[in-house]
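Novice: Below you will find the structure I want to go over with you.
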Amino acid sequence: MEIRYSTHPDHAKTFNTEEIRKHYLIEELFVPGEIKLVYSMEDRTITGGITPINEMISLEGYDQIKAAYFLERREVGIFNVGGSGKVIVDGEIYEMENKDCLYVGLGKKELLFSSDSNENPAKYYLFSAPAHKEYPTQQVAFKDIEGERLGSLENANDRVIRRMIHNEGIQSCQVVMGMTQLNTGSVWNSMPTHTHDRRMEVYLYIELDENARMFHMMGEPTETRHIVMKNEQAVISPPWSIHCGTATSNYTFIWAMAGENKTYNDMDQVAMDQLR
Ligand SMILES: O=C(O)C(=O)C[C@H](O)C(=O)CO
Ligand SMILES: [Zn+2]
């Protein structure tokens, strides 16, 4: 498990391109047959990818979290961004189609991940945070969430947001997760932009063409920087940072938050004339 430390906004202002990428960008999450995990000191979250090939992969405890099993003191939200597969939670089988979401709470001991085919393997995206209470394991199929239309084609941000793990959906201690899909011709996400000092956030960009690139914006509103990203890469946003972006084609992204509270709408909007 890779460790990323928290960064102070004054320090972040001094980062060159390589440094900003090293601290915030998660370049590779889905490696066939492997588990990739990144522990961030921002709200002690773990962002990861599991891509089972040939055999099941078991998610276990790690020395870095001094846990006998992964969910000993944590909860996890899981999205499948690949082909169909199965997640087995303490013997209970959950069929996971593309974009389906599963929440597994504190205390579950055995977590097994499999793909239905090696040609089109499942790709499980994980986001985990410390938990103080056990909430039931719950699954939601992508097709069963209607979504809410945001933005407009005129502003190149016509998109549909689906909230899966949140106050009015799957219950959790800290984790809030959902998926936003940009419609054809729209490229801007999360604009006007915002911060939420109470929660960190991670964006995983998916369904971006191979040769397309995402220009993800971050930093304090008056000190913005960008990171150029490819498909299936994730980016850590510290609580003080804006997080929004534009790409050279449309795409989908999974947003995941953890921190002080789970109130989705309590974000602090940034006025356009504040941005620098
Ligand atoms: O399209 C959007 O706007 C988003 O999906 C915004 C994220 O959900 C977010 O940043 C929540 O804080
Ligand atoms: Zn946000």
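Every residue gets a Cβ built from N, Cα and C, even glycine.
Caution: TrEMBL annotation is automatic and unverified by curators.
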Novice: The Zn(2+) site in TrEMBL lists His194, His196, Glu201. Which one of His166, His226, His243 belongs there according to the record?
Specialist: His243
Novice: Using all protein chains shown, find which of the binding-site residues His194, His196, His243 scores highest when you count other CB atoms within 10 A of its CB.
Specialist: His243
Novice: List the other residues in this chain whose Cβ sits within 8 Å of the Cβ centroid of the Zn(2+) site residues His194, His196, Glu201, His243, in sequence order.
Specialist: Ser190, Thr193, Thr195, Arg199, Ser237, Pro239, Ser241, Ile242, Met257, Met267
Novice: Taking DSSP as the reference, which of helix, strand or coil describes His196 (Zn(2+) binding site)?
Specialist: coil
